[in-house]
Each structure stands twice: as C-alpha cells, then as structure tokens.
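What follows is a set of notes on a single structure, which appears directly below.
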Amino acid sequence: MTTLLINCNTALMASRTKRKKGYSVVRAATDKLSKAVTVEKTELRKAGKLAAWTSIRQERWEGELQLQGEIPLWLNGTYLRNGPGLWHIADYYFRHLFDGYATLVRLHFHHGRLVASHRQIESEAYKAAKKNNRLCYREFSEAPKPDGFFSYVGGLAQLFSGASLTDNANTGIVRLGDGRVVCLTETVKGSIQIDPETLGTIGRFVYTDGLGGLIHSAHPVVTETELVTLLPDLVRAGYTVVRMEAGTNERRVVGRVECRGGPAPGWVHSFTMTEHYVVVPEMPLRYSAENLLRAEPTPFYKFEWRPESGSYVHVMCKASGRVVASVEVPPFVTFHFINAYEAVDDDGRITAIIADCCEHNANASILDKLRLQNLQSLTGQDVLPNARVGRFRIPLDGRSAGTLESALDPEEHGRGIDMCSINPTYQSRPYRYAYACGAQRPCNFPNTLTKIDLLERKAKNWHDKGSIPSEPFFVARPGATEEDDGVVISMVSGQDGEGYALILDGSSFEEIARAKFPYALPYGLHGCWIPEAAIG
Ligand SMILES: CC(=O)/C=C/C=C(C)/C=C/C1=C(C)CCCC1(C)C
Ligand SMILES: CC(/C=C/C=O)=C\C=C\C=O
Ligand SMILES: [Fe+2]
C-alpha cells in the first residue's frame, strides 16, 4: 500500500517540475492516487482510528483536492501549517505530541481551486534519525540513549553547549516582512527556512548577531517590519527581549527582565505585545536545569511546577527597553497568548495593559495530557482539564498586583480552549474576535472550533462528532472593514480515519467548503498565510 502511494507520489513530483501553469498534470496524478487511496481508507476504517495521533504515511505528497462547497474567489494565496508528524524511528515510538519530526502542510488557493501538499522538514535531527535509525538529539521529552548519544554527538559537554539539542522545527511557522518563511521550535538552532512553494528545506536560519542563547519563545511576534522574541536566561533567571528588523538576521537587544520568582525563569512558549509594550509572562511552570539533564521525562518534562514561587507579568517599553510595570498576578498556565492592547483613559493616557491568553486554570497537568498514549487511548473520556480565555489587566500606575479573570463564561466553549488566532490587522490593538479550538465534552482533547466574541462574551462553535480540528486560522478578505470579514481555515482528522481541509465563514462561522485529503494527516500546530500578491 505504502509503496503504491510512494510510486504515485514520485510520478506526481516528477510531473510537477514539468508543468508550467494549471493543474491538469496534478489532477491526472490525483486520479491515479485515488485508486491507492481506496485501499488505504478501508484499512483505516478497520482500524477505526483518528489519524491525528499517528505518524505521517509518507514523506511527501501533492495533489488537487475535490471540493464540497465553494471557496471564495478572493481567497488567493497559500496557507502553511507546521507541526509534529512523525513519532517513531524504526520500531521506537516517541512519547509526547511535541516530540514528532516536523511535517509541513500546504494549501494553495487559486481562483476557487485548492492544491494541497505535505513534506517533512529536513532538520539535522530528522536526517540523523533517518540515517542512524535512532534518535540522535534531545527532543521535547525524548533523549538519545547514552550509547547512541555519545557516538553521534560526542560528550556531555555538548549538552551544555547546545550541540545535543534538537533543531526539529516542529512548532511555528512565520512569514517575515522580507518574505522569508521560517519554521520554529523552542531551540534557537531549530529555526529553519523553507521554500513556501515546494516545502523544501532551504537551511538553518542563522542569527548573525552573536547573541547566542540556546532557547527562545516558539512564537515570536512578527510584523511587516520586525520580529520580536524572548530569550529566557536559565543562568541568571530572566528574559532578554530582542528585536530583528525585516531583511536582516541580526537580533538586537531591546532590554532585560529579571525574574521575581526564584532561580529559574517561567516557560515562555509564547508572549504578547501591545503597540508600545512587550508583555513578558513569568508563570510558575519554570524551566528546570535538573529535569533538562534527566534522560527520562518527569510529569512536567523539562519544567517544574513551583506555585510557591509566584506568578508575575512584566511590561517593557519597546522604545526604551525599560520595565515600566512588574506585577504579581494569580497563578496561571498558558501555552498561547491571544493578543494584547493598551487601555486608555478619557485623556488618551495609557492606564493599563489588557493581555489575553488560553489559560489552563493554573493546572500544569495539561502538559502530560498531551502524551500520545493519552491522546490515542482516552478518546471520548472526559479527561481534558478545564481551560478559559484568561484576561490579564496590568495597571501602569505603580500598583503591585494585576488581575486575571475569565473573559467569558468558559461553558461557552466547553471549558476547553487553545490554539488561537485573530485577524492579524488587530494584533497589538483593541480587538473583538478570537478563533480557537474549544471542547464539546466528554473529550480528552479540544474537539471543536470556536469563535469567541469578547465584546458580547459569547462563543459560536463548530463540531463534527469524533473529529479533531487543528488551529482555526483567520484570513481576512482583502479590503474588509469588519474584523470578522474573512474565512477560517482548519484541517480536520475525522473519526473514521479520513481528513479534510475546512473553510468556515469568519462572520457566520458556518462551513462554506471542505476538501478531503486522499489520506488523513497527523494533528498539526500552527499556521501562516502568504497572500498570492506576496508570492508573485
Ligand atoms: C511542539 C511544541 O510546542 C514545543 C516544543 C518544544 C521543544 C522541542 C522544547 C525543547 C527543549 C529542549 C529540547 C531542551 C531545552 C528545553 C526545551 C526548550 C524545553
Ligand atoms: C495542543 C495544545 C494544547 C491543547 C490543550 O487544550 C498545545 C500546543 C502547544 C504548542 O504549540
Ligand atoms: Fe504553540
């Protein structure tokens, strides 16, 4: 079966290089593929399993997808999604969702038609694992067995130099203002430039600034002119805020935040910004040097849960690098900030920062819930911990405490929320709508798409029984004046083993089109959009 698919795929790839414009060749190859797919679907149905938590079936594929419904003619461009997609090497199976080798998925929209493809990122970690048939670098929860580790990358010193850390860029994907597309994870070396058309790996994105740093936030804040990110400092607990101008590879220091809660910084998977300020979270789920050195994972993996150390939010002025507020807040756990903006009084003075995140009710057990075994075996059991849209209010008048409250009743989205997007025009500005994965219980993982109205404090939910949709990604209609005028793109794993791309109307949150993949893809994490005008 796999051979059939690969042969078909090879034919497709070869033909792709010959074609000039149009998709006729691709369509012929897709027809050929569909025969193979029928057999595969039968196998999957027998297995009765979601494809979300199982490895990709082959390294790459491309073809035109048949549509149900209509894609708006204005939607011209490329949606790219990154995420872990291969969780085993030979007969060794990884433990955690975040361990998988990166798989890129591409949806190319052109005049109402849709061509899809996927491909593995050729990181050093992936190539070494393939070549040596074993894990060679430290992944999120996995570490190479001492033999393989020493023979491949050398001694223990290389752990401290970062040489043994993974460059498996399986988390984020960003289009820089200069057009380059970079895939990211939390290790700095895991910044990899890819070709958005072929999904080929161009090579490591090298920072030329000498700032070093082994780890950074997986989610920089990117605009047309710059990229801002955080470098946690595990030695002198703190964060360096850095800024890289579009067109350069040079990060410059904006400023430094000292941690207030003890000897290690809080995990910063993401952070957020307003127009003038960088919002630096310090949560009690902290990096742990001790756990980093362990071969076997702990319940909190490379982190420690230290509620007694306190939770803080720091606010840095982007222009001066000065920390203008540093407040204690109620305990929190978040992977993803949604957005932030400045609250102003009647005289236009900035009085506070409002920052929203997908907040897991200060319960760090969510990390262990994302173990593959839990995801695969607990389907339909109500074990997903409660989560909410957490809204921080950080006063800028010198007060020492900030507040954290639910922005809406979490029942509106089934007490599950993560994997969020907004209309990017509203990034760092007052905004009304967020799109995310929510929950319809009982469930062990977010299983709905939810549109959150932060003004009305209401949610609209989309659900397909037994399926797992990935991050809903909002794309605005060119020329739109309403915040929710656009579409939301997601990729769904169905309960019978199939998979499809889904397009919802941003305003009504109703389905407007779906397109089945020949075979389902694993769950992916984050996406980005490249308008056709930018592709040229
Ligand atoms: C996929 C995702 O959301 C997060 C991935 C995080 C990774 C791969 C983190 C890796 C790390 C190491 C390999 C060692 C240092 C600590 C840490 C950054 C957690
Ligand atoms: C998928 C996820 C959390 C889901 C829980 O509700 C977090 C992903 C984090 C990395 O990008
Ligand atoms: Fe993320």
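Sequential numbering from 1, following the chain as shown.
Backbone N, Cα and C atoms are what each Cβ position is placed from, and that goes for glycine too.
Marked as Fe cation binding site by TrEMBL: HIS219, HIS269, HIS336, HIS526. Cβ neighbours within 10 Å of HIS336 (Fe cation binding site), excluding its own Cβ and spanning all shown chains: 21. Secondary structure from DSSP puts HIS336 (Fe cation binding site) in a beta strand.
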Whose Cβ, among the binding-site residues HIS219, HIS269, HIS526, has more other Cβ atoms within 10 Å than any of the rest?
HIS526
Starting from the Fe cation site formed by HIS219, HIS269, HIS336, HIS526, give every other residue of that chain whose CB sits within 8 Å of the mean position of their CB atoms, in sequence order.
THR171, GLY172, SER217, ALA218, SER270, PHE335, PHE337, LEU525
HIS526 (Fe cation binding site) - helix vs strand vs coil (DSSP):
strand
